[in-house]
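Engineer: The annotation domain 'Flavodoxin-like' is assigned in TrEMBL to B:13-157. Residues or ranges marked as FMN binding site by TrEMBL: B:19-24, B:66-69, B:104-113, B:Glu139. Annotation comment: TrEMBL describes B:202-439 as domain 'FAD-binding FR-type'. The FAD binding site annotation in TrEMBL covers B:Arg347, B:Arg377, B:Glu378, B:Phe379, B:Ser380, B:Trp592. TrEMBL lists B:Thr453, B:Ser508, B:Arg509, B:Arg517, B:Thr518, B:Tyr519, B:Val520, B:Gln521 with the feature NADP(+) binding site.
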Amino acid sequence: MAPTAIYISHSDTNVIAATPIKGPALAIGSLSTAEDGKYQSLITDLEETRKVEKQLLDRLLDRATALSPSSFASVHVILSPSDYEGLAQRLSELLAQLHSSLEPLGTLHIQNVSYSLPNLHSELTLSGFTVLSSAEGTVIAQKPAHIVGTSSSLNGSVTALPLRRRIDPERKASKKALWTLSAPATPPIDAESLLTDADRQRPAACEPISGSNTPRRKKACKNCTCGLAELEAEELAQSKVVLLNGAESGGAVEVLQSDKERLIAAAAAAPKATSSCGNCYLGDAFRCSSCPYLGLPAFKPGEKVEIDFGMDDI
Amino acid sequence: MHTHAANNHERAITILYATETGNAQDLAERLAHHCRRLQFTPTVFSIDAYSPEELISETLMVFIISTAGSGKEPRTMSTFWNMLLRSDLPSDLFEDLDYAVFGLGDSTYEKFCWPAKLLSRRLASLGAREILPRGEGDEQHHLGSDGAFGPWLLKLSKVLLHLHPLPEGTEVPPGDTLPPPRVTLTPGVPAEDIPEPLFKDKRYHLATIKQNDRMTAPDWYQDVRHLEFEFDEDVYYEPGDVAVIHPHVPAVDVESFLSSMGYANIADEPFTIEHNFPDQSLPDHLPETATLRQLFTRYLDITAVPKRSFFSTLRHFTTDELEREKLDEFLSEEGADDLYDYAQRVRRTIREVMEEFRSAKVPKEYVFDLFPHLRPREFSIASSVLRNPRRAELCVAIVQYRTKLRIPRRGVATTYLAALQPGDKIPVGIKKGGLITLPKDVHTPVICIGPGTGIAPARAIIEERTRQGSKENTLYQGCRSVSKDQHYRAEFEALASEGKLVYRVAPSRDSPEGVKRTYVQDLIAEDAKRIWELVGESGAWVYISGSSNKMPAGVKAAIRDAIREYGGKSEDEAAEYVATMEREGRLIEDCWS
């Protein structure tokens, strides 16, 4: 049972009202729900905390009465299943009237509806409502604060941005409560439907750097499945490698990787090589691409470099 | 979960990142630095450390979102994302929020940057205002994600200053100045017995090495170890859970590094570390006082391959003309390929780079800004607590390989483990794997497919199940050769002879010359009828663990074929059956790259 309201006198600030006073509501019933008492029940409940305007469905549909725009904080509809079924054809008309009669952020409560109106959700959305919940035969929808569908993003140049709405603390509190609900019962939306066709595009292969003649190479991904990693490995195997021939003059020989094995044995017997080029000692960052010391760490100039031609044990 | 008071400060900006390998975190921290220059007050959170309730109170946010797998959001983002997907949220829920999104992705995938795109659209549909078009970083760009991040950051700066102009008379410092260091170091007093910081974390336990044995044949190219840890107290873990190892860099490498940096004479002086900017992260479990030697052994990673941002920070500290020119070349657009060849392609380490850029004088206060954190590594636990609540066993392949660099490349964590001797004591963490759950009924059949080191979680599952009294277990083990790398062969053969395990082995290189190689999926195809009986008629659960290359897809295809052939289903129905198994949690993949 809903508690009765307590009227506070201004001098009595310690007493808190059991329920706050709410904005005006519109209650819509039909002959059926007037007869079976459901309509009266709804009105009695609502009147405990607010002013209630009463209208019958037929009068609204016949335009015998007009509703003033933005005048209700909430609209409550209670009809019989056959009323709802009969309403199907004219649903969008009714929703349009209710939409304009609601204040921004006002809520629409359609009770006792169950499965009688299969197109209810889509009609609500089309009429500009946001469906908040649908449970136990009651659908609750809301009129948005601003028109749905516009966004104010800055594309390209920076333009003047529209003023922010003044923050409404009560609305803020109810949004916060909704967001922090710990076990919401609603199913998730289909996220992928949010993406536009443009979103689903991806960039084409990178263009070569303008002005450069060297061909740009696409790197193989870590888990390459297209074969590029194999190609890179093959390239490496086929590439030339420079072997020091171990002579005092520090000369170098260019051979294929595949010949390397054969030469390793020969080189193993050769005396150690010495540094002959001015920059070789600096490290790979400063060596030219034909430097015989590529792949070796930096060393001190004049230092004897030991090149270990031991068998690869990997 | 980290809670914080909503930023009421006028120039507050909240930056959330969802990272996979640390790239998004890097960009988030760079963005925070940048915002500070624009006189904003940034706070940075990993998206799973942020309380989603706070979102309703935010007014200015930037999201840096990576892409996982083939288009899914990073695991750290799932909880947050699912909250946003509720269908009962009003379209004006976040009308007070200004936001921007930058995504990191790889354009070889169809769902390029999808998590970032979806987030951007969803926030807009809930009334938030996107203040500039989202940025999309592409791994395939020759500058990587930096290619898109640089220009996007400039645009973001313009918009931020437009929305929140600087106070009168203030100016933005020029872009390439070195930001202040994230820490202050003051000479500290060494505590006599500094407790191991890891033990403040309840997940860590002291472990004694009981065994560290090579399982592969001595003449085999790969060194795979069986490690046994014994704890000084009972621990709890389930199949699929992981052991967390904090590696140490080898002492000899740390020593040569300290010398080349010019830190040799202060290497063992203790410093107290004060964190100046909370949005610029420090390594986990960092002690309050440490020496440079300790920092480079345990907390900063000189074995890592440097990223672009390393070179651009290093540029501030190089004094030699030649070195500066080289860095400028590497950092230019035209030099991007050369930088890739120099560093990433050959896996050159930071230590090796520093030996070539000898003129760099890095003040010790900047070490946390220049060098990346030494991250802990996770290894699937290969045993069950039901056999021994004080033991954890690992099956680890020691990482060692060659590139064009003469000196072999080594994995820092596996090299550390390989050197441990029985009797050594180290802190080991136990962390939930989160992917594997076992069926409640021990008589539900289970099929494990574990090639290579994928045998670790499979062994854990089988050990746990057999201890619970289950006999309905099947194992498909892939290896290269029965005589070289069939891990735990004797154990599995023993279980098979006791009727507790159906044990099938696919040694891929044992086939004679010219004969096609046998893989686990080929065995599954051979056993198709039995596979259908187990999966379709007895509700068996399937676990695939190991390398995430082509194996999982091949295995799933073989299972699908078995369902089609013996389950009397069409190609589509069989595919749907497998998809349903995955959705229901009856087909689980625990794979790594």
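Going from the start of the chain as shown, residues are counted 1 onward.
Using the three backbone atoms N, Cα and C, a Cβ is placed for every residue, glycine included.
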Engineer: Which residue among the binding-site residues B:Asp106, B:Glu378 has the fewest other Cβ atoms within 10 Å of its Cβ, if you could check?
Structural biologist: B:Glu378
Engineer: Find the one among the binding-site residues B:Ser66, B:Gly69, B:Phe112, B:Arg377, B:Phe379 whose C-alpha lies closest to that of B:Arg509 (NADP(+) binding site).
Structural biologist: B:Phe379
Engineer: What is the pLDDT of the domain 'Flavodoxin-like' (B:13-157) when averaged and given as a whole number?
Structural biologist: 92
Engineer: Using a Cβ-Cβ cut-off below 8 Å, which of the binding-site residues B:Phe112, B:Glu378, B:Thr518 are near chain A?
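Structural biologist: The binding-site residues close to chain A are B:Phe112.
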Engineer: Which three-state DSSP class does B:Val520 (NADP(+) binding site) fall into?
Structural biologist: helix
Engineer: So, in DSSP terms, is B:Thr453 (NADP(+) binding site) helix, strand, or coil?
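Structural biologist: Helix, per DSSP.
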Engineer: Compare the Cα of B:Gly69 (FMN binding site) against each of the binding-site residues B:Glu378, B:Ser380, B:Ser508, B:Val520, B:Trp592 and report the nearest.
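Structural biologist: Of the binding-site residues B:Glu378, B:Ser380, B:Ser508, B:Val520, B:Trp592, B:Trp592 has its Cα closest to that of B:Gly69 (FMN binding site).
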Engineer: Return the count of C-beta atoms lying within 10 angstroms of the C-beta of B:Phe379 (FAD binding site), excluding that atom itself.
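Structural biologist: Summing over all protein chains shown, B:Phe379 (FAD binding site) has 21 other Cβ atoms within 10 Å.
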Engineer: Pairwise over B:Thr453, B:Ser508, B:Arg509, B:Arg517, B:Thr518, B:Tyr519, B:Val520, B:Gln521, annotated as binding NADP(+), what's the top Cα to Cα distance to the nearest Å?
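Structural biologist: So the maximum pairwise Cα distance among the NADP(+) binders is 19 Å.
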Engineer: Going by DSSP assignments with H, G and I as helix and E and B as strand, what are the residue counts for the domain 'Flavodoxin-like' (B:13-157)?
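Structural biologist: The breakdown for the domain 'Flavodoxin-like' (B:13-157) reads 58 helix, 37 strand, 50 coil.
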Engineer: Return the residues near B:Thr19 (FMN binding site), defined as same-chain residues 6+ apart in sequence whose C-beta is under 8 angstroms from its C-beta, sorted by sequence, else 'none'.
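Structural biologist: Counting only residues 6 or more apart in sequence, the Cβ neighbours of B:Thr19 (FMN binding site) under 8 Å are B:Gln25, B:Ala28, B:Ser46, B:Ile64, B:Ser66, B:Pro74, B:Thr76.
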Engineer: How many Å separate the Cα atoms of B:Arg347 (FAD binding site) and B:Phe112 (FMN binding site)?
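Structural biologist: Cα-Cα distance, B:Arg347 (FAD binding site) to B:Phe112 (FMN binding site): 26 Å.
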Engineer: Is it possible to get the count of other C-beta atoms within 10 angstroms of the C-beta of B:Tyr109 (FMN binding site)?
Structural biologist: 17
